[in-house]
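Student: Annotations per TrEMBL:
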TRANSMEM  A:12-33  transmembrane segment
TRANSMEM  A:40-67  transmembrane segment
TRANSMEM  A:87-107  transmembrane segment
TRANSMEM  A:114-135  transmembrane segment
TRANSMEM  A:178-198  transmembrane segment
TRANSMEM  A:229-249  transmembrane segment
TRANSMEM  A:269-291  transmembrane segment
TRANSMEM  A:335-356  transmembrane segment
Amino acid sequence: MFSLSRKDFTLLAVFSVIVMTMPIWLQPLGAAYPGLMQKFVIYAIFAIGFNILFGLTGYLSFGHAAFLGVGSYTAVWSFKLLSMDMIPALFFAVVFAGIFALFIGFFSLRRSGIYFSILTLAFAQMSYSLAYSVLTPITNGETGLLIARDDPRAIDTMLGVGQSASGMPMPSLIGIELGGYGGFYICALVLIACFFLSQKIFASPFGMALRGIKSNPTRMIYTGFNTKPYMLTAFVISGMFAGLAGGLLAVTDPIAGAERMQWTESGNLVLMTILGGVGTLLGPVIGAWVIKYCENIFSAINTQMLNGFFEFLPDGVQSVAVTVMSKFVGEGWHLTLGLVFVLIVVFLPGGLVEGAEKLRHRFRRRSDTYDLAADAQEKRT
Amino acid sequence: MTAQAKAVAPDAVPGNIVLHVADVFKNFGGLKALSDIDLQVEEGTTHAIIGPNGAGKSTLLNVIIGRLPPTSGAVVFDGNVLTGMAPHEINQLGISRVFQTPEIFADLSVLNNVMAPAFARRDGAFRVNMFRAVMDEAEIRAEAEGLLREFGLYARREDHAGALSRGDKRRLELAMCLIQRPRLLLLDEPTAGMSRHDTNTTIELLKSIKSRGMTIVIIEHDMHVVFSLADRISVLAQGRLIASGPPQQVKDDPRVKEAYLGVPAE
Amino acid sequence: MDAILAQLLNGLDKGGAYALIALGLTLVFGTLGVVNFAHGALFMLGCFCAVVFRYLLTIETVTVDPTQLSPWGAPVEVRTPLVQSWLGDWGAFLVDYSVPLSVIFAVPVMLVIGIVMERGLIKHFYKRSHAEQILVTFGLAIVLQEIVRSFFGANPVPQPIPADLRVAADVGVWFGMEAYSVTYPTWRLVYLLFSAGVIGAVFAFMRFTTFGMVVRAGMADRETVGILGIDIDRKFTIVFGLAAVVAGVAGAMYTPLLAPNYHIGMDFLVLSFVVVVVGGMGSLPGAVVAGFLLGVLQSFASMNEVTSIFPGIDQIIIYLVAIIILLVRPRGLMGRSGVMES
C-alpha cells in the first residue's frame, strides 16, 4: 500500500527534502517568512488536487475555488463549535468539501468539454453569490467568518482545555499552538503526504483509467469501463484536496471569506497548474510556488526601488524605464502574470516542466550521442 | 435491466449459438436501414457479414454493440438481451470490438494500452484501485507483454501509441481486444486501407486467433479476406439478408451475384 | 399589472446588454470555433472608449479672468473645454452627449482592437483544444483589464447621461395606464432601443449581405465553406472584429447605467457565457432570446414578493436556469444538437 517505484521514491525523497528545507533555501530569495511559506505549501496542495482532475482526465473545472471556500468555512466552524485543534478542523473540511464536490460533480459530469467547464463555473458562482447573500448566517458575509473568544468549542470545554488568559485562541495540534514555523512544518508534512498520494494515484490502474478517459473516452467504454464513476471519484478526490487546502488556510489564519470562492480564484488555480505543467507530478507544485513567489516579490516592488535599479541609466531614459516597468510591478503585477500566462499557453503548452525536459534533451543531444544510445539501451531493458 | 431483459429473451437459445440477432428492424425516419435481420453465430466460428456499400453492415454492427437501439427485434448474446445495455456492460459480457479506424489510447504507452483492457476484464466496469502501481501488476503485465511479442509490437512498448503506424495501431487494437479474452470478437473492416502485404499479415494473425477457438464476427469489403477466414457468410443488400451459409454456397447463390452485379467487386 | 410592466422594463435593458455580449460571443464561437473568455474584456474596453472619448472632449483651457475675483481676492480661473471654446454651444452639446457619441468613436477603435487580437493571437488557436482557447483568452482578458487599470485606476469612472435624457419616461401612459403609474428612466429606454437596433443591424447584415451568408454557411458547415475556396480566414478576422464592435458599443452605451471599472468585463463574462449556453452554443437568435429572457427573469426574481419566498433567488436565478438548461437540454433553447459535446 505504501510502496513506490524506485523512481517515484527518489522523487518523493528529493521533494520532501526540498519542502522541509524551504526556510533555508528561500532565505537568499528573500521569501523565508512562515506566512509566505505556508501559502506556498497550501497552494501547492490545491494545485496537486486540481491536477488529479484536470491533468489526468482533461476535464477543466472552473469551480474549484468553491471547494477551497467550503474547506475554509468548515474549518473555522470547527474551531468555533468543536475545538481549536486542527485535526477535527481538517477532517471536517475534507469531508464537507468532498460532499460538496460529490453534489456538484454528479451534475456537472453529465456534460463534457466546454459545457462541463461552464457548469462548474455556474455552480461555483452560485455558491459565491449565496455566501454573500442568503448564507450570511453561516458565512458572515463580507466581513468573513471569524473565531471569537466566547465560542462554545464543545470538545475543548469537555476536555477542560483552557484558553490563554488574553488574546484570541490559536489553532493547535494536540495542545501545541501552531504559530509561525510550527504551522509551516505541519503544512509541509501535509503537502508531502498529498504529493505521495498523488504519486500513488498517477501510478495506479485508477490513474491509468483516468488517463484513458482523457485520451479516448470511446475506447474506454467499449473496453468495458464505466467512465462516469471514475470521473466522479476523480472530481471528489480533487475537491477534497481543495477542501484540505482551504482548511489549512484557516489553520494558519483562522478566518474565512467568500472572496476565496470567486471564479477568478479558480482561474488562478488553473494558471498555476498550466504554468508548472498539466498532468505532471511536480508541475502544479512548481507553478503554485512560482506564482505565489512572484506575487510576493513583484507586488512589493515600488517606484522607489525601480528608480534605484535603473540608476545607471541617463536621467531621461531612467524615468521612461521606471514608468514602463512600474506598470508591471506593484499593483500591476497581475499584468505580468497575465502576460506570462498567455506566453506559456502559446509557446509552452506543457508548462515549465515540459520546457525543462525539452531543454535537457536538446542539451543532451548536443553534448554527446553516446548518452542517447545508452538511454535507448536503458529503455529496451 | 438485465434481469428484466432476460425474461423477454427467447427461452431456447441452443447451447452453441453465442450471438442471435433476432428479427431486427432499424428505421431512420422513413428509411429502412435494416429489415428483418435474423442471424445466428455459432460458438467458435468466424462469421462474415458482407454486402455492397450502404447495405446496412455498419448499422447492423452498431445495433449489435448497443450503439444504436433497434426499432424492433432484439440482439441476444449468450442468453442476455443486449438491447438497452450500455456499451461497457456489453463489453463486460464478453464482446470486444475493433473499429474501422483504430480507437486506441494515443497518449498512453503501447504497453499501457494493452494493460488497461486487462484491468477492465479483471476488475469489472468500475473499481478504484488506487494503491497498487500498474507496473506491480506482474501477472497482467506479463500477459500484455506476451501478447505484444506475438503481435510484433514488443520493441515499441514504451512508445506512445499515437506514434505508431496505421497498421501497427490496428494490430495494437486487436491485441487490446484479445487480452480481454472475449467470447465474441467483432471486427469492422480490419483491413480497410491496408496494403496487400499488411492485409496478408493481418489475415495470418486472424487465422491464428481463430484457430484458438475464438468466435469472430467480421464485416469486410475485401473478398480475399472474407474467403480466407469465414466459416459462414451472410450477405446484406439494401438492409435485407439475402443469403447466409458456408462460403461456397454463398458464392454460387444467384441472388448474391445479382446484388453484386453493377457494383464492381474488388 | 403596473408592477409587472415595471419589472419587465427593468429586465429588458439589462437583457439588452446580455444579448449584445452574447451575440458576439456566439458569433465567434459559431464561425471561428473559439471559446473566447476575453469577450468580457472587449465589453470593458468599449466602456472605456466612452470614458476616453469624454476625456478627449473635456480637455480644458484655463484662463484667468481678472475682472472677477474670488472671495479671497484672487482672480477666478475659468475652465472651458476646448471643444466648447472652438465650437460654442455646439461644443457644449458634444460634451453633454459624449456617451451616445462615443459609439461613433468606439466602432473603429473596437474594430481595430478586434482585428489585431484575432490576427495576433486568436488565429493561432483555431486548431487547438477548447481548454487551451479558454486558457489563452482568459490570460488575454487579465492582460487587457490590467492595462486598463494601470491607466484608469481601480475605481469606477461614472459617465453622465445627457441632460435632456435624465428625466423619467412615463411608460405607463403608452400602455393606457394612469399617468405616472409606471415610469422608466429615459436612458434605459434608449439603451433598450439601441440594443434592439444593433441586434437588428447584425441580423440584417448576416441575412442580406453575401458576407453574412458565407459566415452563416460557415457556422453550419465550416469544412464545406473551406472547400469551396472561399477565403474564410479573412472573413473570420472580420467576424471577430464585428463581435468586438458589438461588445464595445454595448459597453460604451452601458456606462451611464453602471460606472465601469477595469473588471466589469469579468463580471459580465460569466453571465454572458451562461446566456450563450442557455440560448444554445452557436445560435444567434438563441443568444438574443436568452439574453432578454434572463435579464427579465433576473429582474422578476429580485421583486420583494419573490425574494420573501425564496431569499437570495435574485442572486442565483441565472446560474440556476443555466444549470437546469444544461442538464435537461444541453443544446440550449435554439442550438443545434451535439455542438461541442465532446
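Every residue, even glycine, has its Cβ placed from backbone N, Cα and C.
A quick note: this is a predicted structure, and the numbers were derived from the prediction, not measured.
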Student: Under 8 angstroms for C-beta pairs, at least 3 of them, ignoring pairs fewer than 6 apart in sequence. Is the transmembrane segment (A:178-198) in contact with the transmembrane segment (A:40-67) by that rule?
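Tutor: Yes, the transmembrane segment (A:178-198) contacts the transmembrane segment (A:40-67).
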Student: At a threshold of under 8 Å on Cβ distances, which of A:12-33, A:40-67, A:114-135, A:229-249, A:269-291 pairs most often with the transmembrane segment (A:87-107)?
Tutor: A:229-249
Student: So which residues does the transmembrane segment (A:229-249) touch in its own chain, when a touch means Cβ under 8 Å and the partner is 6 or more beyond its ends?
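Tutor: Contacts with the transmembrane segment (A:229-249): 38, 41-43, 45-46, 48-53, 56-57, 59, 61, 64-65, 67-75, 86, 89-90, 92-98, 100-102, 104-106, 108-109, 187, 190, 194, 201, 206, 209-210, 213, 256, 260.
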Student: By Cβ distance under 8 Å, which residues at least 6 away from the ends of the transmembrane segment (A:40-67) in the same chain are close to it?
Tutor: 19, 22, 31, 97, 100-101, 104, 108-109, 112, 116-118, 120-121, 123-124, 127-128, 184, 187-188, 190-191, 194-195, 198, 201-202, 207, 210-211, 213-214, 231, 234-235, 237-246, 248-249, 252, 260-263, 265-267, 269-270, 272-273, 276, 278-280, 283-285, 287-289, 291-293
